[in-house]
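Engineer: So Swiss-Prot lists the following for this protein:
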- C28-C55: disulfide bond (DISULFID)
- 28-142: domain 'CUB 1' (DOMAIN)
- C83-C105: disulfide bond (DISULFID)
- C149-C175: disulfide bond (DISULFID)
- E197, D211, D252: Ca(2+) binding site (BINDING)
- C208-C230: disulfide bond (DISULFID)
- C277-C427: disulfide bond (DISULFID)
- 277-427: domain 'F5/8 type C 1' (DOMAIN)
- 298-317: region 'Disordered' (REGION)
- C434-C592: disulfide bond (DISULFID)
- 601-622: region 'Disordered' (REGION)
- 642-802: domain 'MAM' (DOMAIN)
Amino acid sequence: MDMFPLTWVFLALYFSRHQVRGQPDPPCGGRLNSKDAGYITSPGYPQDYPSHQNCEWIVYAPEPNQKIVLNFNPHFEIEKHDCKYDFIEIRDGDSESADLLGKHCGNIAPPTIISSGSMLYIKFTSDYARQGAGFSLRYEIFKTGSEDCSKNFTSPNGTIESPGFPEKYPHNLDCTFTILAKPKMEIILQFLIFDLEHDPLQVGEGDCKYDWLDIWDGIPHVGPLIGKYCGTKTPSELRSSTGILSLTFHTDMAVAKDGFSARYYLVHQEPLENFQCNVPLGMESGRIANEQISASSTYSDGRWTPQQSRLHGDDNGWTPNLDSNKEYLQVDLRFLTMLTAIATQGAISRETQNGYYVKSYKLEVSTNGEDWMVYRHGKNHKVFQANNDATEVVLNKLHAPLLTRFVRIRPQTWHSGIALRLELFGCRVTDAPCSNMLGMLSGLIADSQISASSTQEYLWSPSAARLVSSRSGWFPRIPQAQPGEEWLQVDLGTPKTVKGVIIQGARGGDSITAVEARAFVRKFKVSYSLNGKDWEYIQDPRTQQPKLFEGNMHYDTPDIRRFDPIPAQYVRVYPERWSPAGIGMRLEVLGCDWTDSKPTVETLGPTVKSEETTTPYPTEEEATECGENCSFEDDKDLQLPSGFNCNFDFLEEPCGWMYDHAKWLRTTWASSSSPNDRTFPDDRNFLRLQSDSQREGQYARLISPPVHLPRSPVCMEFQYQATGGRGVALQVVREASQESKLLWVIREDQGGEWKHGRIILPSYDMEYQIVFEGVIGKGRSGEIAIDDIRISTDVPLENCMEPISAFAGENFKVDIPEIHEREGYEDEIDDEYEVDWSNSSSATSGSGAPSTDKEKSWLYTLDPILITIIAMSSLGVLLGATCAGLLLYCTCSYSGLSSRSCTTLENYNFELYDGLKHKVKMNHQKCCSEA
């Protein structure tokens, strides 16, 4: 009885199965024209798809230049298991051999897919096992909107709006708006309304997935990206001086919003002839917007945010979540900017009235926000001394301007906790006369206008040599070529007045080994031409030879190198020395239209001076790349401070030397009554210290920028005059922290002629300064003059001691007349080089000149222990010399040596000076008596 119903069940299943098999499956696959939008679904969608499916579709566009876009329904369900059994596959073409765009399964719908050509191949496969709901997608022609919404703007002002504004913008837009400004014009962009699709999962600024607006400093995808914006937060005002500002607007297939409306203005920009690169960049004034300020973390109560870190802000400051030297405060300046000083301030809590401040910090800079350089002091990171209380403003001035976009402050030590407010000081590159960027960064110079002697691979071709905007750069075919053999050339399109270049290192490598190289050029030469055939080098006015420019010390940090205006359409840069990783370069050319240039004397360097002066050096990994193979040539590449070489010709030229203008008088050669043996133009100047017998005497110092030579000495040359007898003295001293050393001194009348002085600047682990001290005694009449101080690269060190009488021996007594009137000297030096901070209440710390304690004679710095050591050493040398003389006498007397057997070393008298032997030829005499 029980078997009968069971038999009927099996029979029913059998016949039903045969009935299903007898019905043919609905067809799937085929060729589809995307002229009219349509849908593709898995068989049976949204019900479970059948087993053993193998469907193929080819979707094509009616025109060969059209693309196809696919958008999937969120209800997506295909068996998982790593897409081995059931899957949908999309290929960029018309066959199974085309490039794979995606292979998908699971229950997460694929993102939007866009073809690169006019066809897409779609395949759906299922096996015999578990099934799901399948998929549904919409195909259509991809419309960029370029024909409807892309536009160039050249009028003095105008409005830029999203398509259809104030109605909701369309889907699938990819619009480009470009504002083009004439030379000497600044572009100001202000947003009035901004409403784009918001990403609820957005993590930080610029993290936009659906609809967004990109703003570019130049041509899109060529110039640097200023920012990516979405949601409802209105972008702050933008000011661009590169001549091109672009906006690209992207929308997807989903949500549409009201869009945006913005106005732009073109404002005439006339650079000042005698500008100072020390203006506040906008932290205190608000010109730097809140969106440009960020931090590694923020205190949890939300009352100490990065946006509260503005100098003199009355609402707390920035505090990280944890007090650690790994925390940082970051400012995005949006454009390349010259940074010359940083002012910091602590904060007092409004809730507890407790004071917090940073006592020291490190500085990091970057041009792209990813590759960072720590500001260094020699080989070590520079630690800036900051505040001593919560309200004082401390200003730290950089020795040389840093060209950067992103700035990070990393607190190192603090009181009670980290609290920081700050202001940044500097200027724009284009603030200097005839200093427009001529198109490498912005893209105004096309790829076809950039060429090179050779190229390593297409990834590092000349077109990749654009300043900042390229992440790689130009690499020649041979990374370690001969000096001057490789070159990078820029065609400016029309003749321009060229006044400088900005040079930057590069990132690249060997595609076979996949090892990234961080390369830069240490020294280079520049040539120019009007026709591309006849070339001339930029000349060094002192030697009338091709000028050897200092290059980079880090692969990411750019450096500006200026020269006298030249007419040129073609500019070439020849690498002469480079980093151990080889030659790598990015470039920009500075200048203006040929008719705009005027003969001016200017420099981009700031007039600020401080003890916070450091020359950037390579990072630790770069410094150790060559290991033990580092040669003496690499040591010579250490860059001296800007402004060390100085001829005092122009009042507008702020050489790095500090001096008392009331005592050192700048005098022209034509007006000088002093005799000289050379003829110079009327505008040549020199420094003169003068006194007559009726005066109380004169004492003046001329102080160099800080110098750091940890590995090799260099030769310093200068010209001098000293007249007036024994009451006149001129000496050169090396001054370091807690130490002074006399290097050179003359104290007798040198006659009326100009003479050459040469001194070896010794290698030294610490930073030091070179000080010229001129003294004219009380009741004495005389004159001291100095001119043309420079570092010589063509004088061998063994010839760098002139005159030889100026080099003191160990027991040399310096007869310097005593001077009592030094009051106010330090303040007078500071006034000449101080920044005008009259508009703020900043209290600067430090001084631009050494303290008066260091002005004392170097003899006073010797303590009794050191004197004892010197005395004992001298006694040992004397005993050794006596023994050596007795031994030589015995050898010559009893071995029958003739005078010809004596070594030739006895024909010379060697004198050690800072580790180098100076050789003076003596009269030939017999060393031994003849029997």
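From the backbone N, Cα and C atoms, a Cβ is placed for every residue, glycine too.
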Engineer: Check the Cα distances from D211 (Ca(2+) binding site) to each of the disulfide-bonded residues C83, C105, C149, C175, C230, C434 and keep only the ones within 10 Å.
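Structural biologist: Cα within 10 Å of D211 (Ca(2+) binding site): C230.
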Engineer: Would you list, in sequence order, the residues of this chain other than E197, D211, D252 that have their CB within 8 A of the centroid of the site's CB atoms, where the site is the one recorded for Ca(2+)?
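Structural biologist: Residues close to the Ca(2+) site, other than E197, D211, D252: L196, K209, Y210, W212, C230, H250, T251, A254, V255, A256, K257.
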Engineer: Determine the mean pLDDT over the domain 'F5/8 type C 1' (277-427), rounding to the nearest whole number.
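Structural biologist: So the average pLDDT across the domain 'F5/8 type C 1' (277-427) works out to 92.
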Engineer: Do you know offhand how many angstrom separate C592 (disulfide bond) and C28 (disulfide bond) by C-alpha?
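Structural biologist: Cα-Cα, rounded: 65 Å.
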Engineer: Of the recorded positions C55, D252, C277, C434, which one sits closest to C83 (disulfide bond) when you measure Cα to Cα?
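Structural biologist: Nearest in space to C83 (disulfide bond), counting only the recorded positions, is C55.
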Engineer: Going by C-alpha distance, which of the recorded positions C28, E197, C208, D252, C434 is nearest to C105 (disulfide bond)?
Structural biologist: C28
Engineer: From the Cα of C434 (disulfide bond) across to the Cα of C55 (disulfide bond), what is the distance in angstrom?
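Structural biologist: Distance between the two Cα atoms comes out at 66 Å.
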Engineer: Could you give me the DSSP helix, strand and coil counts for the region 'Disordered' (298-317)?
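Structural biologist: Helix, strand, coil within the region 'Disordered' (298-317): 3 helix, 1 strand, 16 coil.
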Engineer: Take the C-alpha atoms of C434 (disulfide bond) and C427 (disulfide bond) and report the distance between them in angstrom, rounded.
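Structural biologist: C434 (disulfide bond) to C427 (disulfide bond), Cα-Cα distance: 15 Å.
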Engineer: Where the distance is taken from Cα to Cα, which of the disulfide-bonded residues C149, C175, C230, C427 turns out closest to E197 (Ca(2+) binding site)?
Structural biologist: C230
Engineer: Please list, for the domain 'CUB 1' (28-142), how many residues fall into helix, strand and coil according to DSSP.
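Structural biologist: Helix (H, G, I), strand (E, B), coil: 3 helix, 51 strand, 61 coil.
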Engineer: How many Å separate the Cα atoms of C230 (disulfide bond) and C149 (disulfide bond)?
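Structural biologist: Checking the Cα atoms of C230 (disulfide bond) and C149 (disulfide bond) gives a distance of 19 Å.
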Engineer: Find, among the disulfide-bonded residues listed as C28, C105, C427, the one whose Cβ has the highest number of other Cβ atoms within 10 Å in the structure shown.
Structural biologist: C105
Engineer: Can you tell me whether DSSP puts C427 (disulfide bond) in helix, strand or coil?
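Structural biologist: The three-state answer is strand.
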Engineer: If you skip the near sequence neighbours and keep only those at least six away, which residues in the chain come within under 8 angstroms of C149 (disulfide bond), Cβ to Cβ?
Structural biologist: S162, P163, L173, C175, F177, F249
Engineer: Given the disulfide-bonded residues C28, C208, C427, which one's Cα is the least distant from that of D252 (Ca(2+) binding site)?
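Structural biologist: Closest by Cα: C208.
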Engineer: Name the residues of the same chain, 6+ apart in sequence, whose Cβ is under 8 Å from the Cβ of C208 (disulfide bond)?
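Structural biologist: Correct list: L196, D199, Q202, K228, Y229, C230, G231.
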Engineer: Rounded to a whole angstrom, what is the C-alpha distance between C277 (disulfide bond) and C28 (disulfide bond)?
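Structural biologist: C28 (disulfide bond) has its Cα 71 Å from the Cα of C277 (disulfide bond).
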